[in-house]
Structures are given as C-alpha cells and as structure tokens.
Amino acid sequence: MGFELIVRGGTLVTAQGEQRADLGIEGGQIVSIADELLDGAPHTLDASGLYLFPGVLDAHVHLNEPGRTHWEGFETGTRALAAGGATSFFDMPLNSSPPVLDAATFEAKRAVAAAKSLLDFGLWGGLTPLNLERLDELAEAGVIGFKAFMSHSGLDEFPAVDDVTLYEGLKAAKRLGLPLATHAESDGFTRRLTELARSGGASTARDYLNSRPVVTELEAVQRALLYAHELDAPLHLVHLSSGQAVALAVEAKARGVDVTIETCPHYLHFTDADVERIGAALKCAPPLRPQAVQDDLWGALLRGEIDIVGSDHSPAPPDLKTSDDFFALWGGISGAQSTLNVLLADGHHQRGVALAAISVMTALNPARRFNLPQKGELRVGADADFALVNLGQRFTLEQADLQDRWRQNPYVGTSFQGQVTATYLRGRAVHQHGQFDSTVGGKLLTPHLQGAL
Ligand SMILES: NC(=O)N[C@H]1NC(=O)NC1=O
Ligand SMILES: [Zn+2]
C-alpha cells in the first residue's frame with residue numbers, strides 16, 4: 001500500500017486509551033495504523049516522544065465574519081484555533097453581520113469561510129423569533145445545528161427566543177434531525193436583576209456577577225430540558241457554567257432525554273475572583289463562578305458527565321472591552337487557542353483526567369453529536385486530522401504567541417504543561433511551531449444524516 005505520509009513513532013490518543021503506533025496517510029485520510037510501517041512514503045514525520053491527539057473540533061466559536069471582521073475573522077480566528085491543535089470548528093450564527101438566519105446569509109458566510117478558513121468548518125444556523133419558518137432552508141443549506149439564546153445575546157439583531165419559539169424550534173430540530181443548542185440563562189431573571197442593579201448605580205465586576213447567579217442558569221436549563229423531554233427532541237446545552245446545571249442535564253439524560261452537555265475551558269480555569277482581578281478579558285455570560293461551583297464542575301467532568309468542551313471564543317475590539325461600567329463591556333472570552341492546554345494542564349496533569357477522555361470531549365463527541373463520521377478520531381478511514389503534543393513540555397503563554405485578532409486571551413502569563421507543536425489537517429501541516437500554511441484550505445462540513453431531509 002502506498003502512503004503519501006508516514007507519521008512514525010508517536011503515541012496515538014484514542015477513545016480506548018493510548019497506543020504506540022505509526023500512521024499511514026494517503027489522500028488526506030488515515031489508511032493504516034500499525035506498530036511499525038515499512039519505509040517507502042515520500043514524506044516521513046518523526047513523532048517519537050510526542051502524542052497524537054485527534055484534531056480538536058471546536059463546536060463553539062464566534063469568528064464574526066462577514067460584517068464584523070474587525071472583531072475577529074476567519075484568517076486570524078482559525079490561526080488561533082490551529083495553534084491550539086484544532087483542525088475543525090463550528091462557527092456560531094452570530095456575531096457576524098448579518099447573522100445566519102436563512103439560506104442567503106448562510107451562503108454569504110460559507111463563501112467567505114471557504115476563501116479564508118485555514119481549517120474545516122461547519123456553520124450553525126440561528127433560531128430567533130424572526131426566522132422560525134427558515135429552519136428547513138437552513139437545514140437544506142447544510143447547517144450543523146441550530147442555536148438559540150434564552151437571554152439577551154448582546155446584539156439586538158439576534159433576539160432571544162420566547163418560550164413558543166423555543167418549543168417550536170425544538171420540534172423542527174427533531175423533524176430535521178439536527179440538534180438545537182441553547183444559551184441557557186433565564187431572560188426574565190437576568191433582565192430584571194440587571195435593571196435593578198443598574199438603576200441603583202451598580203457598575204463593578206462584582207455587581208455584574210451578582211446579576212447572573214447560578215439559579216438563572218438552572219431555571220433556563222430546566223425549562224429547555226422540559227421541552228426537549230416533551231418533544232423527544234435533540235437538545236445541546238452550550239457553556240454550562242455550574243456543576244448544578246450539569247446535574248440537571250445528567251438526571252434528564254438518565255430519563256431518556258436526548259441532551260448533550262458542553263462546558264468551556266474558562267469555567268474550568270478561572271473563578272469569580274479572577275474576574276475582579278483581571279477585568280474585561282474575563283467578562284462572559286454565564287459569568288465565571290465561585291471556587292466551590294467550579295469544583296463541582298470538575299467533579300462532573302471527572303465522572304465523564306461533560307460531553308463536549310468548546311472554547312466559546314468571542315472576541316471584540318478594545319473599545320468594546322474598555323469601560324468603567326462593567327455592564328457596558330462586551331461579554332465574550334477569547335480562548336480559541338487554549339482549550340487543549342487547559343485540559344492537559346489543569347485536567348490531565350493536575351487532576352488525572354485521562355488523555356482518552358480529553359480526546360473524546362474535544363473531538364469524538366462533537367463529531368458524533370453533529371454527524372461527522374470522517375472527523376473526531378484516529379481511525380483507519382477517517383480524515384488525517386491530528387495535533388502533535390509534547391505532553392511534558394512546560395511553557396508560559398506570551399502575548400506574542402497569540403494569533404487571535406486582538407490578542408485578548410486571558411491566559412497570557414499562565415504557565416501550562418503540555419504543548420501543541422504542530423497541527424495536521426487531512427494529512428498536511430497547517431501549523432508548525434508558530435508557522436501557518438493556508439494553502440491546504442478549509443472545507444465546509446455538513447452533517448451526514450440518514451434520510452432525515
Ligand atoms: N454574542 C456572544 O458572542 N455571546 C457569547 N459571549 C458570552 O460571553 N457568552 C456568549 O454566549
Ligand atoms: Zn457563544
């Protein structure tokens with residue numbers, strides 16, 4: 001059998017564990033996995049001493065192009081992702097302008113992403129009270145799933161769903177065979193608490209944190225789970241910030257609800273105290289939580305209850321991240337580059353999370369949940385997407401290492417153990433030691449659905 005590339009001497013990370021093996025790659029796919037492959041390929045990559053993780057599939061990023069490329073665009077955003085070991089990502093329907101709410105806006109984003117993305121990409125379609133009747137055409141266009149906000153999204157052009165829209169949207173999602181993702185914070189709760197705080201002159205980071213307590217997440221999660229249960233519809237809960245919210249979803253899953261659970265690296269790494277110390281770079285919604293809440297989230301992760309870890313990379317230009325009024329700042333954390341680093345350092349090295357579990361949460365589970373059989377694992381027949389990781393290597397993240405548009409990553413100065421040294425997409429290096437190759441070119445990923453459309 002001919003190979004275009006042999007990756008020699010590495011340790012493969014799979015859902016089953018770790019395996020010392022060579023990879024044979026041909027036509028951008030893994031065609032052989034063996035203890036030792038014979039020579040004869042035109043290219044050989046020496047991976048001895050390194051781990052091969054399946055390329056991260058970041059199911060949650062906001063690259064904001066077209067329309068807000070000055071916030072972040074496909075070029076800079078995908079470099080940050082590639083530097084962190086990602087080979088694919090799903091772009092959220094906002095904060096691009098216009099947001100992706102129908103086939104025409106899908107096509108506008110697809111075209112610019114196809115021209116500029118370094119990595120393979122899927123596109124989320126939005127669900128708002130404005131476009132319920134457009135979900136069929138979005139499915140036809142090839143969205144990976146639908147995304148709804150249960151509280152204000154930060155942008156008036158992407159309004160929150162009312163209960164009827166959410167219920168009907170879940171019904172459509174079931175019919176179309178695509179998961180519906182919810183940003184689960186209660187609008188009634190967060191809106192009123194924000195009004196009360198601001199009318200009393202509140203403006204500090206602590207005031208903001210107090211306006212979005214955990215109960216506002218629990219109420220929305222409970223309601224979304226109720227509807228999904230009633231309808232037997234596929235629900236994906238993005239960026240759960242608390243162990244309590246995960247527990248509600250786990251309980252529902254045990255009752256047969258078709259729900260998957262995402263959390264983000266920032267909820268695992270930072271706490272409310274860090275928001276007060278670091279400020280705007282750590283403003284997000286739901287907000288960062290007290291240590292005890294984070295401890296519960298880690299407990300859930302260690303029990304295998306977190307399906308997916310996504311970055312929720314959501315940058316904004318410095319003027320939107322600068323104000324004396326914490327409520328007025330853009331909410332969103334720029335962490336696309338650091339997902340694997342947080343999981344390796346805080347998860348594996350500090351808490352003993354298995355490498356296999358990390359690969360499942362960052363690659364296999366998102367590929368499975370969103371129906372991409374070619375992605376997510378190091379297996380014969382799958383795309384040759386992988387990150388090379390020097391697991392023991394310690395490094396301190398410097399501003400100069402950052403690839404995102406505004407270098408706002410809140411992990412700057414953090415010392416991590418476990419470094420990504422290169423990232424391969426379909427058998428070709430898109431990133432090596434801080435150098436990027438855009439000639440490979442990212443492709444649109446659309447779900448492989450069996451007879452649903
Ligand atoms: N619109 C947007 O990017 N919102 C994201 N930012 C954030 O902090 N939480 C979100 O859902
Ligand atoms: Zn988001």
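Numbers here mean position along the shown chain, with the first residue as 1.
Cβ atoms are placed via backbone N, Cα and C, with glycine included.
Owing to the predicted nature of the structure, the values given are computational and were not obtained by experimental measurement.
Feature annotations, courtesy of TrEMBL:
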type: BINDING; residues: H60, H62, K147, D312; note: Zn(2+) 1 binding site
type: BINDING; residues: K147, H183, H239; note: Zn(2+) 2 binding site
type: DOMAIN; residues: 51-430; note: domain 'Amidohydrolase-related'
type: MOD_RES; residues: K147; note: N6-carboxylysine
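Structural mapping of features recorded in TrEMBL.
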| residue | record | CB count, 10 Å |
| --- | --- | --- |
| H60 | Zn(2+) 1 binding site | 26 |
| H62 | Zn(2+) 1 binding site | 26 |
| K147 | Zn(2+) 1 binding site | 28 |
| H183 | Zn(2+) 2 binding site | 23 |
| H239 | Zn(2+) 2 binding site | 25 |
| D312 | Zn(2+) 1 binding site | 27 |
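Only H62, H183 of the binding-site residues listed as H60, H62, K147, H183 bring a Cβ under 6 Å of any atom of ligand 1; the order follows the sequence. When the alpha carbons of K147 (Zn(2+) 1 binding site) and H183 (Zn(2+) 2 binding site) are compared, the span between them is 8 angstrom. The Cβ centroid of H60, H62, K147, D312 marks the Zn(2+) 1 site; residues of that chain outside this set whose Cβ lies within 8 Å of it are V61, F90, M92, W124, V238, H239, G310, H313, S314, given in sequence order. Each residue contributes its Cα atom, and for H60 (Zn(2+) 1 binding site) and H239 (Zn(2+) 2 binding site) those atoms are 9 Å apart. Mean predicted confidence for the domain 'Amidohydrolase-related' (51-430): the pLDDT average there is 98. Sitting within 8 Å of the Cβ centre of K147, H183, H239, and not among those site residues for Zn(2+) 2, are the Cβ atoms of H60, M92, A148, F149, A181, T182, A184, V238, D312. Between the alpha carbons (Cα) of D312 (Zn(2+) 1 binding site) and H183 (Zn(2+) 2 binding site) lies a span of roughly 11 Å. Counting in whole angstrom, H183 (Zn(2+) 2 binding site) lies 14 from H62 (Zn(2+) 1 binding site) by their C-alpha atoms. Between the alpha carbons (Cα) of H62 (Zn(2+) 1 binding site) and H239 (Zn(2+) 2 binding site) lies a span of roughly 13 Å.
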